[in-house]
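So the structure is just underneath, and the comments pick up after that.
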Amino acid sequence: MSFEGKIALVTGASRGIGRAIAETLVARGAKVIGTATSENGAKNISDYLGANGKGLMLNVTDPASIESVLENIRAEFGEVDILVNNAGITRDNLLMRMKDDEWNDIIETNLSSVFRLSKAVMRAMMKKRCGRIITIGSVVGTMGNAGQANYAAAKAGLIGFSKSLAREVASRGITVNVVAPGFIETDMTRALSDDQRAGILAQVPAGRLGGAQEIASAVAFLASDEASYITGETLHVNGGMYMV
């Protein structure tokens, strides 16, 4: 599974799942451009990618910022072959208390950004008759979660968006898929109390949290030639927490 000669764009690549994805694609030969919301985050990405890529600052809710980043990538590396939409935020609240900005921020960052970025790379992929668009969803997008109506709506929306786009571009050799993680070991989960952690693990038949590398491996498979006949799918990586 080699990505030699491929250019990959991974949003939200400064840490966690995004960083694991970027490092996995680099290890398999791709040139990777990772994005962050701050200059310091972009520098950190450049530092860990080294000669194999670059970190850039990107506001995924701003069309001008997206176009600027893509122009930078074209000038230095060429057109994007693999787009990984990983950037996302949470603004949790019960619906009765949820403010409009808590709803709108999540939809703009977690859903509308995927529309903008996918559209921005589409023309070049269609010309090459090859491309991979992989979006990081969530188990919450399928099963729902109290206090996350905004987040669940955005993550569910990604699935419908990806299925529709997959139908539009399949004849051009472009695949569009979603990877939906369950509970993944992160800085946030490591800070949980023993009781909180036990409550989470009780929902997972595998009896453990997932690792960021396990999500990255799923992304790498869907980005590969081996997955060229898989499109419009959601790959659930959740230890059996939710079985579709």
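Start at 1 and count along the chain as shown; that gives each residue its number.
From the backbone N, Cα and C atoms, a Cβ is placed for every residue, glycine too.
Annotation source Swiss-Prot lists active site, proton acceptor at Tyr151. Taken residue by residue with DSSP, Tyr151 (active site, proton acceptor) is part of a helix. Listed in sequence order, Thr90, Arg91, Asp92, Ile106, Asn110, Ser138, Val140, Asn145 are the same-chain residues at least 6 apart in sequence whose CB falls under 8 Å from the CB of Tyr151 (active site, proton acceptor).
Packing around Gly12 (NADP(+) binding site) is summarised by its Cβ count: 27 other Cβ atoms lie within 10 angstroms of its Cβ, all protein chains included. In the three-state DSSP scheme, Gly12 (NADP(+) binding site) falls into the coil class. The feature NADP(+) binding site is assigned by Swiss-Prot to Gly12, Ala13, Ser14, Arg15, Thr37, Asn59, Val60, Asn86, Tyr151, Ala152, Ala153, Ala154, Lys155, Ile184.
Listed in sequence order, Ala22, Val26, Ala30, Lys31, Val32, Ile33, Gly34, Ile45, Ser46 are the same-chain residues at least 6 apart in sequence whose CB falls under 8 Å from the CB of Gly53 (Ca(2+) 1 binding site). For the recorded site, Gly53 (Ca(2+) 1 binding site), the DSSP three-state label reads strand. Residues or ranges marked as Ca(2+) 1 binding site in Swiss-Prot (evidence: similarity to another entry): Gly50, Gly53.
The substrate binding site annotation in Swiss-Prot covers Ser138 and is backed by similarity to another entry. Under DSSP, Ser138 (substrate binding site) is assigned to coil, being neither helix nor strand in the three-state scheme.
Swiss-Prot lists Asn145 with the feature Ca(2+) 2 binding site.
Under the three-state DSSP scheme, Glu233 (Ca(2+) 3 binding site) falls in the coil class. In sequence order, Asn177, Val178 are the residues near Glu233 (Ca(2+) 3 binding site), counting only same-chain partners six or more apart with C-beta under 8 A. According to Swiss-Prot, the Ca(2+) 3 binding site annotation covers Glu233, Thr234.
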Residue from Gly12, Ser14, Thr37, Thr234 whose C-alpha is spatially nearest that of Gly50 (Ca(2+) 1 binding site), among the binding-site residues: Ser14
Inter-residue C-alpha distance, Lys155 (NADP(+) binding site) and Thr234 (Ca(2+) 3 binding site) (nearest angstrom): 11
Residue, out of the binding-site residues Ser14, Thr37, Ser138, Asn145, Thr234, whose Cβ gathers the largest set of other Cβ atoms within 10 Å: Ser138
